[in-house]
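Feature annotation from Swiss-Prot assigns Cu cation A binding site to His87, His96. Sequence annotations record features per position, and here Swiss-Prot assigns Cu cation B binding site to His203, His263, His286. Annotation comment: Swiss-Prot describes Asn81, Asn148, Asn193, Asn226, Asn309 as N-linked glycosylation site. Residues or ranges marked as signal peptide by Swiss-Prot on the basis of sequence analysis: 1-19.
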Amino acid sequence: MGFYRNLVLVAASCTQALGLCPAPRCDSPDIRHEWGELSREDRLSYISAVQCMKDRPPELSVEEVPAVRSRYDDFTAVHINYTLQIHNSGIFLPWHRHFIWLWEKALREECGFTGTLPYWDWVMWPNLAASPLFDGTETSLSGDGEFNATEQPTELNPEPGLTITIPRGAGGGCVRTGPFKDWVINMGPFAFNESYEPALPDHAFDYNPRCLVRSLNDWVIQTYNNQTVVDTLLDSPDIVEFQNIMGGFPNPPIPIGPHAMGHRSLGPDMLDFFASPQDPAFWQHHGMVDRLWTVWQDADEPWRRFALNGSSTTWYKDDTPEVTLQTTVEFGILDEPRPLYELMSPTAGPYCYTYT
């Protein structure tokens, strides 16, 4: 399958999602666990598989995508390629569900991983540096970056007349502890404003090797990813409000969404709108996003399982179609195109997993 800069949206003929075709469900789903629930051996096994993906050669060619140097980079490149469709859109939730499943599948098939994709429960770890995910030990996802005195607070304006000052994080420099110390990332950085453009920037796949930077920010995770926020999210009466709260767009009851702020809590590279998969914690963060969507869907199966809302492009750009269950999305070299109705249940279609 080729690598394209444009997402193709076509109609699928099957009406399985409407109950007119069989929708088989698996009987014995794999269970995805929170990182803190894993044994030492299971954490080390997952870390080893991630490092394996970094060591394996890419399937994309350097001639086609100059920045790729590893199989891991293939996944980042695919995410970049579809960024202008898959964020703050009706595609966001199902596309990322499938993307992290493809990552889990690659870990198993290409790197001998026998476990399931762990997730990061934001609520459990209000002190990030003390958490088993980011304490910098050999069984963590590495720790904070070195202190960078030049990092400054950030001002956000999520709504007219509303300014939020985000205090700076604790680090701001290269990650030097844990299994991913001196981790090299090759793509980006991207300016956030580039997400509003109609096409990817010319530098999208330029080779730019540098260290992974983190700046752990407890204020962010405690303010925007706490139990109250999660409860509000799960109390959403419909997919419109669920997406608004999760993403903070377009009309959120809370000003910033836990998806974006989970990214922000780890610093600039995890916050990169296009290239965030380069931080190994990306997969655990999006595991939590998918877990909450799953819990919300399960709470009202008949009405929520196949609920979709939104445009097929980031920021609901003008003259782009609304998504339907027949909308087909692409994953580049990672997989064949998939209609959204195949991606709506973690225990049907290609999937067979659940969460603790």
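Using the three backbone atoms N, Cα and C, a Cβ is placed for every residue, glycine included.
From a predicted model like this one, the values you see are computed outputs, not experimental measurements.
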His87 (Cu cation A binding site) in three-state DSSP notation: coil
For His286 (Cu cation B binding site), the one of His87, His96, Asn148, Asn193, Asn226 that lies nearest, given that the recorded positions are compared by Cα: His96
DSSP-derived structure type at Asn226 (N-linked glycosylation site), helix or strand or else coil: coil
Protein Cβ atoms within 10 Å of His87 (Cu cation A binding site), excluding its own: 22
Among Asn81, Asn148, Asn193, Asn309, which are glycosylation sites, the residue with the most C-beta atoms within 10 angstroms of its C-beta: Asn81
Cα-to-Cα gap, His263 (Cu cation B binding site) vs His87 (Cu cation A binding site), nearest whole Å: 13
Top Cα neighbour of Asn309 (N-linked glycosylation site) in the set of binding-site residues His87, His96, His203: His87
Cβ contacts of His96 (Cu cation A binding site) (under 8 Å, same chain, 6 or more positions away): Ile86, His286, Val289, Asp290
Neighbouring C-beta atoms (10 Å sphere around the C-beta of His203 (Cu cation B binding site)): 13
